[in-house]
Amino acid sequence: MMYDDTIAAIATPPGEGGIGIVRISGKDALSILERIFVPVRPGRWKPYRMRYGHVVDGAGVRVDEALAVFMRGPRSFTAEDTVEISVHGGPLVVERVLQQALAAGARAANPGEFTMRAFLNGRIDLTQAEATLDIITARTTTALALAEAQLGGWLSHELRRIRALLIDPLAYCTALVDFPEDEVEPQDVETPLTAAVQALDTLVATAEQGIIYRQGARATLVGRPNAGKSSLLNALLRIDRAIVTPIPGTTRDTLEETANLGGVPVVLTDTAGIVESVDPVERLGVERSRQAVAQADLLLLVVEGVSQPVDDDREIVALTRDKRTVLIVNKIDLIDGADAVQECMKFLKCAYENLRGVPFDATIAVSALTGQGLDMLGATVARLLLGDSSPADGRLVTNVRHRDALARAATHARDALDSFRRGVSPDLLAVDLTAAINAIGEVTGEAVGDDLLHAIFSRFCIGK
């Protein structure tokens, strides 16, 4: 699909930088470039060759010195003729260059329109288009590696393979409807269907872990006032994000920041100490703390290594009873000797588990002040959120939309297999097989409507 118009946008982030790039794509990209860019050395444009010159306005006045490159379609990201102009990275300069492109006949691009053209022109499928956005928004190296693997096409290839496994049984079913006197060997239907079901189930099983790597999880720090929750937040973030003082009750509201814990982007929520109070501001902070506990995927119960449980701890510990919880024994820098730390951990674990009524999922000793134990804490949080397995060659389904569509495909394929084994008529088998193939098409983009495409690409930035 080739578009009649040509689009342009700034492809670099807003603000000052070393360079700014204006991207132009469409059938008139080269003619627009020739109108607004004057190379130092005249001559015909050769694709994929960078040229030095100046961007000029309609009167021939120089706007900025620049480097420009022309990429002829379909050997470009959008599969259309594409131009990129690199200029100095000041916001005003880049905006002026864009305005020259628009004045020369380009249209301002919509969010994600370059990537959408790449998809609609067959350059990439929808899984790869979504992976492009995931690369931009990745918050950990693991999430980035998963997105790059998906952009590389592993999921596209696997779904084409599964689709082919479903096409042959569908062809047999269609033939039997038209020519019922023909015979089909059972293995010609059962073998590929069984393989398709197994492959779809395998993909869906990876999604729980993959989605956490991509979207992250929520962990809430809870504990009595002055247990060191804010200090621990700062230590995990490696910045002084929360105000820390020796005065109990310094934190009056919830505070959220994202940390990379064991390769997982975890939204950490620091909370006000949960205590009874007549202060209306403090009571509001406590209520928000309770809400943060309810929304958390994991709780981090912070206690002081140099103190013992008190009555106020009962209510706090009760909030953790139905949630996965790590008991964090903080301030171990105040305890002399490794043996004493172990004895302290053993005592506090027993005491707080007696209050809780059920064991904690893990107990970790840390010092927010010195950093001792923080790496182990990060690894423990990641293990509890993900399980013990690690990504296999980056092959995890990371998108909720993909998971849901593939789960439906697996259900339809399984129903078709069960129906075949029970001798159900071919026309009914074909219904489930077609539904499974269409569900796979929702993932790759072969069976999606304009509304879904708009929803996906509108999340991209302008210029991508």
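Every residue gets a Cβ built from N, Cα and C, even glycine.
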Listed by Swiss-Prot with R23, R123, K464 as binding (6S)-5-formyl-5,6,7,8-tetrahydrofolate, from among E65, E80, E84, E158, is E84
If you tally other C-beta atoms within 10 angstroms for each of the binding-site residues R23, S230, A272, K464, the top scorer is A272
Cβ proximity for E84 ((6S)-5-formyl-5,6,7,8-tetrahydrofolate binding site), under 8 A, sequence spacing 6+, ordered by residue number, returns A11, I21, V22, R23, I24, A68, V69, M71
Between the C-alpha atoms of A272 (GTP binding site) and R123 ((6S)-5-formyl-5,6,7,8-tetrahydrofolate binding site), the distance in angstrom, to the nearest integer, is 51
Here the mean pLDDT of the domain 'TrmE-type G' (216-386) is 82
According to DSSP, S230 (Mg(2+) binding site) sits in helix
Within 10 Å, the Cβ with the most other Cβ atoms among the binding-site residues R123, K229 is that of K229
